[in-house]
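**Q** Here's the feature list from Swiss-Prot:
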- S187, C220, P221, G222, G223, D239, D259, D276: S-adenosyl-L-methionine binding site (BINDING)
- K305: active site, proton acceptor (ACT_SITE)
Amino acid sequence: MAGLALYCRTGFEKDLANEVVEKCAELNVYGYPELKTNSGLVLFQCYQAEDADKLAKTLPLTTLIFARQLFAFSERCEQLDTSDRIGPILNGCIEFPECGELRVEHADSTQGREISKFCRKISVPLRQALRGKRILTPLERSNLPVCHVYFEDSTTAIVGYSYPANNSSYPLGILRLKFPNEAPSRSTLKLDEAFQLFIPKKEQAKRLSGGLHAVDLGACPGGWTYQLVKRGMFVEAVDNGAMDEALMATGQVRYCPEDGFKFQPRKNNVYWLVCDMIEQPQRVAKLMATWIATKRCQETVFNLKLPMKKRYESVKEALQIIDQCIDQHRAGPYDLKVKHLYHDREEVTVHMRLNT
């Protein structure tokens, strides 16, 4: 038994499973997905056991839309004796590469949170036992693989490992952010998470600097505009609804009560285009790609609202529209990242810019 374990938002297991099967086939790795609805977990069982390690190294987490975390698993330890849960877990880790960190985790769900205290409690003796067997280094080392023990419940654990170059450094693969009280809506967290995920830290000072000009399509009441203003940008907020008064009082926002699909910026100095309009994903994708292809902006972050069924297929259709639009305008190569963020719901967030 060997394969890839992947975390996702509860309810999106089928979408992640479809995506993983397709991506694995592109790497000539074959198997089948195993999932339970609303578990937040997908197990891709490899037909060839050695392929699990290959996937952990070569299937980039950053390219998976619906996955929050991934690791190669070797065993599912079931019906663990409450008097000795650690023994079977150790046996499942014997052939792991030397690991520099242990993560004991659970699902991001009501059931998962019920065992979070148990996971914290067992972490200390489990870490000591792994170090005693030299599976884990005496001190944490971030350059070595991570040992994962994922508890489905208090008597069932999946054991595996991931590589530091291809995993999420966040607990459960979740970047948790604090809602700023002065922000006009919770949607502000989506753009904040997108900026932190898509823009490397060493480049944020330049690409998210004060003084840049931005356009926010579908801006009201101003959740996304808030993130731009907070960073010192000047924003054209496009929407027929009402904007937050505090944002308007900053002097950094020009309100444009117009249709986002028809809006044209006054000047050719827009760096960022952001968009969280509730519209068909195909329409939004074409609009965003047109702005990028015609160089009306340099970078864009936008959301694609998804249908209840065939969400992965809907995303692929939208991305194909983007590719066709860029090709039609002969705009050249471009960088594209897509992720189902923690703060997203029935939507995914896209970052895009020309590769100059």
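Using the three backbone atoms N, Cα and C, a Cβ is placed for every residue, glycine included.
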**Q** By the DSSP assignment reduced to helix, strand and coil, which category contains G223 (S-adenosyl-L-methionine binding site)?
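**A** In three-state terms, G223 (S-adenosyl-L-methionine binding site) counts as helix.
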**Q** Express the distance between the Cα positions of P221 (S-adenosyl-L-methionine binding site) and K305 (active site, proton acceptor) as a whole number of Å.
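**A** P221 (S-adenosyl-L-methionine binding site) to K305 (active site, proton acceptor), Cα-Cα distance: 18 Å.
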**Q** Using a 10 angstroms cut-off on Cβ to Cβ distances, just flag whichever of D239, D259, D276 is the loneliest among these binding-site residues.
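**A** Fewest other Cβ atoms within 10 Å, among the binding-site residues D239, D259, D276, is found for D259.
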**Q** In angstrom units, rounded to an integer, how far apart are the Cα atoms of D259 (S-adenosyl-L-methionine binding site) and K305 (active site, proton acceptor)?
**A** 18
**Q** Record lists S187, C220, P221, G222, G223, D239, D259, D276 as binding S-adenosyl-L-methionine; longest Cα-Cα distance in Å?
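**A** The S-adenosyl-L-methionine-binding residues span at most 20 Å between Cα atoms.
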**Q** Using a 10 Å radius around its CB, how many other CB atoms surround G222 (S-adenosyl-L-methionine binding site)?
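**A** Cβ-Cβ neighbours of G222 (S-adenosyl-L-methionine binding site) within 10 Å number 29.
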**Q** Tell me, how many other CB atoms lie within 10 A of the CB of the residue listed as 'active site, proton acceptor', whichever protein chain they belong to?
**A** 17
**Q** Just to verify a number: CA distance, G223 (S-adenosyl-L-methionine binding site) to K305 (active site, proton acceptor), in angstrom, no decimals.
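**A** A Cα-Cα distance of 17 Å.
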**Q** Radius 10 Å, atoms counted are CB only; among the binding-site residues P221, G223, which position scores highest?
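**A** Result of the Cβ crowding comparison: G223.
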**Q** Cα-Cα separation of D239 (S-adenosyl-L-methionine binding site) and K305 (active site, proton acceptor), in Å?
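**A** With the alpha carbons as reference points, the distance is 18 Å.
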**Q** Could you list the residues of the same chain, at least six apart in sequence, whose Cβ is under 8 A from the Cβ of C220 (S-adenosyl-L-methionine binding site)?
**A** A237, D239, N240, G241, A242, M243
**Q** Between K305 (active site, proton acceptor) and G222 (S-adenosyl-L-methionine binding site), how far is it from one CA atom to the other, in Å?
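**A** About 18 Å separate the Cα atoms of these two residues.
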